[in-house]
Ligand code: SAH
């Protein structure tokens with residue numbers, strides 16, 4: 001049986017955009033059938049061509065605008081929209097903040113959870129905020145280029161101004177690229193598996209201004225090594241650490257396991273809420289320091305810590321939340337699955353003279369059960385899980401342990417809403433408006449803090 005779809009491929013149509021998806025695409029509906037159109041905003045009437053059809057939805061491309069949204073920002077460089085750099089770059093910043101709040105509101109409504117969502121805490125200057133960049137290196141028409149992949153592809157778009165990165169990081173990438181070009185270092189080719197340099201990673205401390213450059217290579221051998229080192233050192237005044245990371249596998253994974261310090265230190269330092277952190281090439285470290293401070297501050301304030309509480313920080317990474325909380329708590333326990341991160345967390349605790357924080361390697365859901373069996377009674381549980389959210393077993397363990405408060409730091413509204421329902425089933429209710437904090441301006445990512453309290457004690 002041939003399906004009767006309301007539109008067909010290559011058809012030219014006119015329509016009004018009614019919604020914006022969580023990926024930032026405009027939606028036009030034809031008899032309830034959605035057509036997703038990049039670079040189209042709610043309220044705009046556009047002429048478009050249907051580029052792809054499937055059973056439940058289609059894709060289109062905007063050709064001309066009959067009316068434009070008052071929230072539209074004309075981007076000088078349209079390439080930002082096509083890459084993952086700034087998929088919301090065409091939307092004014094106040095409208096981006098509302099979009100992120102509404103995304104949570106809509107998901108809660110769909111789940112029949114009548115909860116309040118506070119306005120998104122945004123940045124004063126919502127550009128040039130990232131303290132870290134990882135840029136692919138490719139040979140294009142015989143020239144080594146650094147840039148960004150087109151969304152959903154491995155086509156490199158050469159870019160020098162990345163818009164959302166610390167400008168010193170942009171300058172450093174260009175300087176490193178020029179040194180690599182000068183010595184004709186071969187770029188890695190994903191198809192053939194040949195070549196040397198895969199990715200350039202740069203980090204810069206927001207407060208410390210210390211710069212780390214990591215050259216991620218396919219091969220152990222780095223041609224012209226001494227000259228490369230000397231020239232990068234000369235070109236990057238704030239350089240503190242130059243590292244080669246070797247990734248010999250034919251894989252999408254960015255970083256390998258082996259690091260060789262080529263020059264300077266193995267780590268750089270930076271601060272968050274006045275606490276010193278050592279950051280190594282493989283460490284997870286929050287990329288928007290200004291907003292991370294707001295996010296943690298919000299979590300600490302909402303936990304109402306007065307120095308008497310015992311706190312568990314599940315999914316603690318290198319201990320950033322744990323150490324920020326330690327000053328305001330009696331004792332903090334952190335658990336994290338990556339052993340290197342726990343080693344960093346312990347070192348960071350010692351570096352800051354913090355002796356009331358204890359760190360364990362493990363799965364949060366398993367460690368919670370162990371702590372519970374050992375009789376640990378936390379007053380506050382802080383969770384900051386990856387995108388997939390909390391494991392059921394962690395929620396069960398939390399229910400049995402019975403902390404008075406749970407602070408949920410979320411990077412994925414969909415799993416947050418699911419977990420809030422599950423937490424309600426074990427006796428936890430949301431007691432304050434959910435607070436979105438914009439960690440990734442110009443992108444569609446939504447981070448938030450939610451406070452839950454035990455209702456049956
Ligand atoms: N709170 C930290 C890290 C948050 S990112 C910060 O703000 O910097 C989430 C962390 O959860 C990552 O470090 C990841 O390695 C860790 N993780 C993922 N699955 C886990 C699990 N099952 N148990 C414990 N940690 C886990």
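Quick reminder: no glycine exception, Cβ is built from N, Cα and C everywhere.
These features come from TrEMBL:
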type	residues	note
ACT_SITE	411	active site, nucleophile
ACT_SITE	411	active site
BINDING	286, 315, 336, 384	S-adenosyl-L-methionine binding site
DOMAIN	6-64	domain 'TRAM'
When you average the Cβ positions of 286, 315, 336, 384 for the S-adenosyl-L-methionine site, which other residues in that chain have a Cβ within 8 Å of that mean position?
284, 313, 316, 317, 320, 321, 385, 409
What's the longest C-alpha separation between any two of 286, 315, 336, 384, the listed S-adenosyl-L-methionine-binding residues, in angstrom?
15
Residue 336 (S-adenosyl-L-methionine binding site): tally of other CB atoms within 10 A of its CB
26
Tally of helix, strand and coil residues over the domain 'TRAM' (6-64) according to DSSP?
0 helix, 33 strand, 26 coil
Mean pLDDT, the domain 'TRAM' (6-64)?
96
Quick check for the class: what is the C-alpha distance, in angstrom and rounded, between residue 286 (S-adenosyl-L-methionine binding site) and residue 411 (active site, nucleophile)?
12
Taking the Cα atoms as reference points, how far is the residue listed as 'active site, nucleophile' from residue 384 (S-adenosyl-L-methionine binding site) in Å?
8
Counting across all protein chains, other CB atoms within 10 angstroms of the CB of residue 286 (S-adenosyl-L-methionine binding site) number 20
